[in-house]
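Have a look at the structure below, then the notes.
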């Protein structure tokens with residue numbers, strides 16, 4: 001029996017889906033435990049490319065159980081759409097399990113998300129306008145609607161009427177926009193619930209049963225640790241806990257978690273606003289963006305690009321208890337003459353190794369870089385560290401030294417067979 005968490009160590013988009021799919025080959029269950037359909041991940045299998053936002057990456061392993069845990073906020077419309085899309089490509093989804101305790105995103109959450117973001121003006125945080133934050137707000141306020149409620153026609157109607165009365169008052173009196181209609185939302189979303197009913201169960205029982213039977217469980221974190229609402233660059237963060245939310249979001253106790261696998265790119269990217277100390281604004285950043293196809297899976301927005309930041313990685317290692325590191329996109333850096341690694345920050349004339357909580361301090365931080373020579377050789381077929389060109393190997397090993405984590409895998413391309421194992425996780 002082994003349980004492992006796969007979590008992004010930067011600002012999301014690190015390639016967690018690929019690693020989860022790769023590691024999921026030896027797992028008996030794969031589970032999402034936080035976030036919502038703002039967390040796009042891309043899986044490439046042969047000639048087919050799949051873009052998923054809610055369904056765990058493990059769905060492509062038909063003999064595995066795929067779980068959407070209670071900590072996820074679920075847009076039923078998005079989930080039904082994903083399921084239909086997979087069915088169209090003959091992907092078996094019978095092993096999907098949806099927590100009856102997961103909270104539901106409804107149209108008023110999405111509308112409120114957009115209105116709240118627009119009202120912030122220059123202080124906007126870069127939300128994906130998917131209703132994630134407002135859904136978590138309702139959850140904390142104890143007025144949310146859960147999947148179990150969605151399946152109960154009378155209870156769903158009662159709760160929806162109560163919530164719409166409150167939200168429509170906000171829309172008409174505060175934001176001065178049109179109210180939402182109860183009947184259309186109720187009919188549409190109740191039908192979604194009926195379509196999802198076959199997947200709904202107590203997923204905590206499912207996951208703990210797998211562990212009790214000596215099976216392997218892989219937990220898939222969404223976004224990244226620097227987007228964690230507590231440990232990230234607040235308020236430019238998501239509304240959940242990628243770093244430590246696995247137990248509360250899955251119903252599997254902390255004592256049953258064995259490994260925490262951090263995923264990072266060989267550089268850094270970020271979507272949306274917020275601090276980014278190593279951000280590049282020159283042709284080097286453009287080169288990496290183009291070479292790495294750095295555009296958001298969900299939004300299509302160009303990602304911001306920067307050098308690898310070991311201050312960020314050490315922060316992530318500490319707050320999430322990382323035990324191993326998976327390094328992706330090493331091949332993207334091919335062709336750059338010089339590579340830089342941020343090893344510390346300078347703040348008001350002082351060298352610091354911590355990641356500041358204060359946005360004003362972060363704005364005054366200047367990265368301290370270590371420079372390494374780049375490489376021109378094609379590395380997309382490399383299978384071992386020893387096969388890498390000298391400069392590429394030196395770069396990978398230097399990152400590992402600075403972060404002080406064992407390197408479990410390194411990837412030299414998007415395909416499953418381009419992810420190379422250095423240390424077994426299972």
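Backbone N, Cα and C atoms are what each Cβ position is placed from, and that goes for glycine too.
DSSP assigns residue 13 (active site, proton acceptor) to coil, not to a helix or a strand. Annotation source Swiss-Prot lists active site, proton acceptor at 13, citing sequence analysis.
If you look up Swiss-Prot, you'll see 41 marked as active site, proton donor. According to DSSP, residue 41 (active site, proton donor) is assigned to a strand segment.
Per Swiss-Prot, GTP binding site is recorded for 12-18, 40-42, 303, 329-331, 411-413, and the stated evidence type is sequence analysis. For residue 303 (substrate binding site), the same-chain residues 6+ apart in sequence whose C-beta sits under 8 angstroms from its C-beta are 13, 269, 270, 271, 289, 294, 295, 296.
What Swiss-Prot records for 13, 40 is Mg(2+) binding site, and it gives sequence analysis as the kind of evidence. Around the Cβ of residue 13 (active site, proton acceptor), a 10 Å sphere holds 27 further Cβ atoms from the protein chains shown.
The IMP binding site annotation in Swiss-Prot covers 13, 14, 15, 16, 38, 39, 40, 41, 128, 142, 223, 238, 301, and the record cites sequence analysis as its basis. Around the Cβ of residue 41 (active site, proton donor), 26 further Cβ atoms fall within 10 Å across all displayed protein chains.
The DSSP secondary structure for residue 300 (substrate binding site) is coil. Listed in sequence order, there are no same-chain residues at least 6 apart in sequence whose CB falls under 8 Å from the CB of residue 300 (substrate binding site). Taken from Swiss-Prot, the feature substrate binding site covers 297, 298, 299, 300, 301, 302, 303.
The DSSP secondary structure for residue 18 (GTP binding site) is helix. For the recorded site, residue 412 (GTP binding site), the DSSP three-state label reads coil. Taking Cβ-Cβ distances under 8 Å and a sequence separation of 6 or more, the neighbours of residue 18 (GTP binding site) in its chain are 41, 42, 43, 44, 57, 328, 411, 414, 416, 419. Here the binding-site residues are 128, 302, 412, and the one ringed by the most other CB atoms within 10 angstroms is 412. Each of the binding-site residues 42, 223 was scored by how many other Cβ atoms lie within 10 Å of its Cβ, and the smallest score goes to 42.
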